[in-house]
């Protein structure tokens with residue numbers, strides 16, 4: 001262990017049973033039909049089906065109740081779909097342990113082919129679902145239908161119409177119909193509101209689950225617990241003690257294979273306006289009156305509505321060199337592959353504290369983290385401020401971890417200071433615990449009817465209100481992207497903006513993950 005780490009013994013994890021009883025939704029019985037629309041696409045193969053398999057393998061999907069349907073335009077058989085997804089469900093290391101479960105899971109999958117705007121296709125889908133419900137003796141319980149739209153947003157309206165017209169729950173004994181829609185939810189405020197109105201005319205808000213997989217990440221979900229269950233942070237979490245907040249997303253690869261798609265959206269629409277802004281809400285929100293989903297989402301909306309308009313001088317856009325070499329990208333593209341923007345929240349807790357949102361592709365590393373940087377110690381008698389400030393870092397990926405950067409005495413005979421850390425690395429503390437993937441958690445929440453980690457319509461609207469004016473200026477070429485080298489930290493102008501915002505970088509400090 002490093003000199004500044006906590007000593008963490010392996011011990012049983014204590015659970016608060018009263019919390020579990022109060023906030024876990026009641027388990028329902030009856031048939032459960034999970035319909036994956038866009039079943040032959042990359043999202044379904046790489047994320048949706050693997051998440052469903054892991055839930056099945058862990059016992060969260062009862063084979064006596066559940067059946068999974070794939071729907072897409074591809075004319076393939078049940079077995080061909082199973083073959084397409086088989087390789088994504090288990091890795092070589094765990095294949096032998098999961099052979100039996102994999103076989104049982106694949107047998108639950110049935111495929112229906114048809115267009116996304118065709119009555120006949122959805123009538124066939126409904127017939128297949130009804131046959132499943134009858135075989136599962138739905139008369140003994142409710143009929144539940146979950147539609148996962150692993151599709152481009154352009155087909156959400158026609159698909160939603162077909163589901164509403166032909167495929168909703170028909171049981172007299174209760175149950176539900178729910179739809180899950182993926183980002184992007186529009187390209188700006190107007191298109192997002194239009195999409196919301198089209199879907200909202202067909203389904204009630206409690207039926208609509210707008211998924212942002214960042215809200216399913218373990219340490220993102222930990223944010224409310226960290227803030228409101230630990231007395232340590234309560235008096236510190238404000239403008240009197242915090243100098244700035246940085247929320248960072250980096251990828252070490254470019255847009256290979258999807259340059260044309262990415263060029264329509266850019267890094268702000270792809271990452272910052274949704275993923276990073278959702279994290280900001282959890283960092284900045286006030287304590288909700290309870291853990292009910294609506295109370296939490298009410299507080300998130302208040303944060304978004306308190307963000308003042310973004311200033312162009314507090315934005316740096318970048319585009320990595322070689323991006324336009326992709327034949328699907330226009331030669332004169334101004335689409336940013338990197339952006340740093342400062343958001344400011346006009347309320348009593350956060351006035352004057354810059355929230356720095358930063359995301360980029362083709363950078364020097366792949367990671368995502370939250371950095372809460374505290375102010376300097378007043379009257380510093382050790383003269384050590386140039387070594388760096390206290391900083392609470394939450395590493396979202398890879399290798400989930402939390403650590404607090406502290407100044408301590410360096411071991412030895414002299415009174416010298418050095419930066420170290422108090423460290424909680426999840427892989428060390430929870431060696432025997434399987435940390436679920438974000439999609440597993442969110443799909444399970446959907447089945448349970450828990451909307452806490454999904455985006456509400458007014459929340460979506462408020463998020464687009466923040467970024468739409470800036471995005472329109474970028475689209476018109478009024479804010480330019482500057483070039484940066486692949487494998488770098490991004491444009492130098494971004495570091496200058498951070499310095500101007502008051503972020504103090506700790507030069508020479510490197511966090512070393514503990515050895516297991």
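Cβ coordinates come from backbone N, Cα and C, glycine included.
Model, not experiment: these values are computed from the prediction.
Swiss-Prot has this to say about the protein:
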type	residues	note
BINDING	38, 39, 40, 41, 42, 43, 44, 45, 73, 156, 183	NADP(+) 1 binding site
BINDING	183, 213, 214, 215, 216, 217, 251, 270, 361, 366, 397	D-glucose 6-phosphate binding site
ACT_SITE	275	active site, proton acceptor
BINDING	358, 367, 371, 395, 403, 404, 405, 423, 424, 425, 489, 511	NADP(+) 2 binding site
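Everything Swiss-Prot records as a feature, shown here on the structure.
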{"residue": "38", "record": "NADP(+) 1 binding site", "contacts (Cβ under 8 Å, 6+ apart)": "44, 71, 72, 149, 150, 151"}
{"residue": "42", "record": "NADP(+) 1 binding site", "contacts (Cβ under 8 Å, 6+ apart)": "none"}
{"residue": "183", "record": "NADP(+) 1 binding site", "contacts (Cβ under 8 Å, 6+ apart)": "210, 211, 212, 274"}
{"residue": "214", "record": "D-glucose 6-phosphate binding site", "contacts (Cβ under 8 Å, 6+ apart)": "220, 274, 275, 276, 278, 279, 396, 438"}
{"residue": "216", "record": "D-glucose 6-phosphate binding site", "contacts (Cβ under 8 Å, 6+ apart)": "437, 438, 439, 440, 441, 442, 445, 453"}
{"residue": "358", "record": "NADP(+) 2 binding site", "contacts (Cβ under 8 Å, 6+ apart)": "246, 247, 248, 249, 339, 340, 341, 490, 494"}
{"residue": "361", "record": "D-glucose 6-phosphate binding site", "contacts (Cβ under 8 Å, 6+ apart)": "251, 253, 254, 255, 267, 320, 337, 338"}
{"residue": "397", "record": "D-glucose 6-phosphate binding site", "contacts (Cβ under 8 Å, 6+ apart)": "217, 366, 367, 368"}
{"residue": "489", "record": "NADP(+) 2 binding site", "contacts (Cβ under 8 Å, 6+ apart)": "363, 364, 495"}
Maximum Cα-Cα separation (Å), residues 183, 213, 214, 215, 216, 217, 251, 270, 361, 366, 397 listed as binding D-glucose 6-phosphate: 22
Alpha-carbon distance [residue 403 (NADP(+) 2 binding site); residue 40 (NADP(+) 1 binding site)] in Å: 41
Rounded distance in angstrom between the Cα atoms of residue 73 (NADP(+) 1 binding site) and residue 403 (NADP(+) 2 binding site): 48
Structural state of residue 361 (D-glucose 6-phosphate binding site), classified by DSSP into three states: coil
Number of other Cβ atoms within 10 Å of the Cβ of residue 40 (NADP(+) 1 binding site) across all protein chains: 20
For NADP(+) 1, whose listed binding residues are 38, 39, 40, 41, 42, 43, 44, 45, 73, 156, 183, the greatest C-alpha pairwise distance in Å: 21
Least Cβ-crowded entry, counting other Cβ within 10 Å, from the binding-site residues listed as 371, 405: 371
For residue 405 (NADP(+) 2 binding site), the three-state class that DSSP assigns: strand
